[in-house]
Amino acid sequence: MWLQLGLPSLSLSPTPTVGRSLCLILWFLSLVLRASTQAPAPTVNTHFGKLRGARVPLPSEILGPVDQYLGVPYAAPPIGEKRFLPPEPPPSWSGIRNATHFPPVCPQNIHTAVPEVMLPVWFTANLDIVATYIQEPNEDCLYLNVYVPTEDVKRISKECARKPNKKICRKGGSGAKKQGEDLADNDGDEDEDIRDSGAKPVMVYIHGGSYMEGTGNMIDGSVLASYGNVIVITLNYRVGVLGFLSTGDQAAKGNYGLLDQIQALRWVSENIAFFGGDPRRITVFGSGIGASCVSLLTLSHHSEGLFQRAIIQSGSALSSWAVNYQPVKYTSLLADKVGCNVLDTVDMVDCLRQKSAKELVEQDIQPARYHVAFGPVIDGDVIPDDPEILMEQGEFLNYDIMLGVNQGEGLKFVEGVVDPEDGVSGTDFDYSVSNFVDNLYGYPEGKDTLRETIKFMYTDWADRDNPETRRKTLVALFTDHQWVEPSVVTADLHARYGSPTYFYAFYHHCQSLMKPAWSDAAHGDEVPYVFGVPMVGPTDLFPCNFSKNDVMLSAVVMTYWTNFAKTGDPNKPVPQDTKFIHTKANRFEEVAWSKYNPRDQLYLHIGLKPRVRDHYRATKVAFWKHLVPHLYNLHDMFHYTSTTTKVPPPDTTHSSHITRRPNGKTWSTKRPAISPAYSNENAPGSWNGDQDAGPLLVENPRDYSTELSVTIAVGASLLFLNVLAFAALYYRKDKRRQEPLRQPSPQRGTGAPELGTAPEEELAALQLGPTHHECEAGPPHDTLRLTALPDYTLTLRRSPDDIPLMTPNTITMIPNSLVGLQTLHPYNTFAAGFNSTGLPNSHSTTRV
């Protein structure tokens, strides 16, 4: 290459001039100088053979070079008969393996309709760029990339010039610093990096996507490794059909993508010491779907002992898209498309193994909105039970966990109904909520109540007619349900027994054309700051106009993340110090990130004005956690008829409503039965059973009579039940007080006449045994009926095959009636006093 690029053009003249001779001499000198200054290629030994990497300088004077080992195999190729099977250890090799090029990515297809609602903004806005990272996919794709920091002479020199009294400078200048020492102002023992000259912490990144696409090759871990003095690892794992197909039985159990991640962690645990890493300080982190994978890994016994800490960015195992509860349905659809739909699942899987990977991944199988077609499944092994049950049992308490969300995660959920200039109309708002309820909760009897209550909660009544306000609240609705509530519940369950937990809310994003100007920090906006992209400038995937504030915030985030990987505490050992960017101190130097606990719920607001706050969106979290599950089952608990709003009979034939997606695709949903806005039969918009179904929603302003009637009915019902319960208890107590007066005296030996005067009803009440109920059922025609005491049995999410399942958030203790309803702990779905570390009984759950 040098001969092609650096050799000057020489003339064939027999008598070269002095100038040409001088150029030739200078060229040879430059070659010698380049060869003498070029660092030798790093090599490292592993249990499977030797690797040769490359030392790569970074385009920043504060960042030292990084040794990169790309395309390191961590498992045997899952090809042929090994397709749809757990991974196996990689084969050994002889000689030195060249690890200087990215490996092939796992087979995937981003040219069909991708589920944009689950993908980060920087991914969906740059699909053409993303396509360049997934060219020439191959089933032989189970490789990882290792980024190892080296000595940073330039950064040390700059730090010593700025602070000559630092220990590393007093010991003999920058040249005396050992590889691995941090540049923090560690004059005090409390600021010392506990492993300065020893083994480095390891951070393993699980890429996101939608379980259908993605690769670790898209994320460069060099800046994070160099700045944070940690070893960063990215990896590929099987995605889509090849990674998560499941028949629901032993023929194809599924979860191969998760098993790939576990095998990668096993390889790291056994080999990272050769790279200078500490196998006792391995942190797994990810964003979006990657965060859901991390959350699931903390619940699996297969990953025990393979890592110690987890950073969960904008995701949770409790999100609706984290687990696939209908794997057989989508496997059958795939088998139909490729001609493998046979009754015997073993034969079906054998047939699918004979198909090419390209044929399988190119099949366009669209899941229900807010769900996944191919993803992790509850198989009784890798994921032994429902994630919320596992969290209740404390399966993840041995890990230190840091987790959080971005301010406007739900941007992609509303982009299709948003006018960039005018906001969201009232009709679009109503339709979005109705579609949300249909896709997540199906068509329960109490769907109208649930829908109207959600709209009530997410209407800004002080500015209800402002389209921009509707747009903001609609983004908040999806953000709260899909990200905030699952993350807060995860944090509560992890922290309630004292396990180290840290929570954050990310409120900053770079300026770019990838999303609207009105948007907040959207899904995936924290990723460039975690990996230090602002320090090296815009990239093809992150074409932002980074400012000094962006560089400062990226340095802050990397310090927090790497501190947590080092000690389990984001505040130490390295203090926040970005004076090499700004001459004045940043606000983070005065902020101490407090631990999270279920009572105070302290979290760090990460933005240009950082602060520690408490109870992040507590009202909305309580709404989704406690009220919505009861509203969903409202029809089963009691029946009532609204007296203020005319409700049409339920529409048993749901017509199909086609909606254009932002990317040009269409998706079909069933039209919900909408209550009319006005009860006047003569009004233009009134409902008429003889008329054909009109538009989905009326354009006229609504008077919210339905919401008012629902609120009044629910409140009155609860009040009435409380009065009945109180009256029953008072009646029983009064009877017990009067019972001694009615019993015969021993001296008199009589008393039968007194008892005989009591009515038969009172006599029966006095003779009730302890197994009877205090309140018997009323006449069958009563609107409200008091039944037996509630049976709090853990109800899993189940649904018919033709409607999507409920979200993981709807696992709740559902009473059979409202009588005797026990008070639930604010952070627990079990009744107060129940030991949540174990299930209520061995038969209280049913595997979906």
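Every residue gets a Cβ built from N, Cα and C, even glycine.
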Range annotated as region 'Disordered' - as stated in Swiss-Prot, picked from 169-195, 574-600: 169-195
CB contacts for CYS544 (disulfide bond) [other CB atoms within 10 A, all chains]: 20
Sparsest-packed among the disulfide-bonded residues, when each Cβ's other Cβ atoms within 10 Å are tallied, from CYS106, CYS141, CYS340, CYS510: CYS340
Position of peak Cβ density within 10 Å, selected from the glycosylation sites ASN98, ASN545: ASN98
Top Cα neighbour of ASN545 (N-linked glycosylation site) in the set of disulfide-bonded residues CYS106, CYS141, CYS340, CYS351: CYS106
Candidates CYS141, CYS340, CYS351 (disulfide-bonded residues) - the one closest to CYS544 (disulfide bond) by CA: CYS141
Separation of alpha carbons, CYS340 (disulfide bond) and CYS510 (disulfide bond) (Å): 48
Segment-level pLDDT (mean, integer) for the topological domain 'Cytoplasmic' (731-848): 41
Inter-residue C-alpha distance, CYS340 (disulfide bond) and CYS106 (disulfide bond) (nearest angstrom): 23
Rounded Cα separation (Å) that holds between ASN98 (N-linked glycosylation site) and CYS106 (disulfide bond): 20
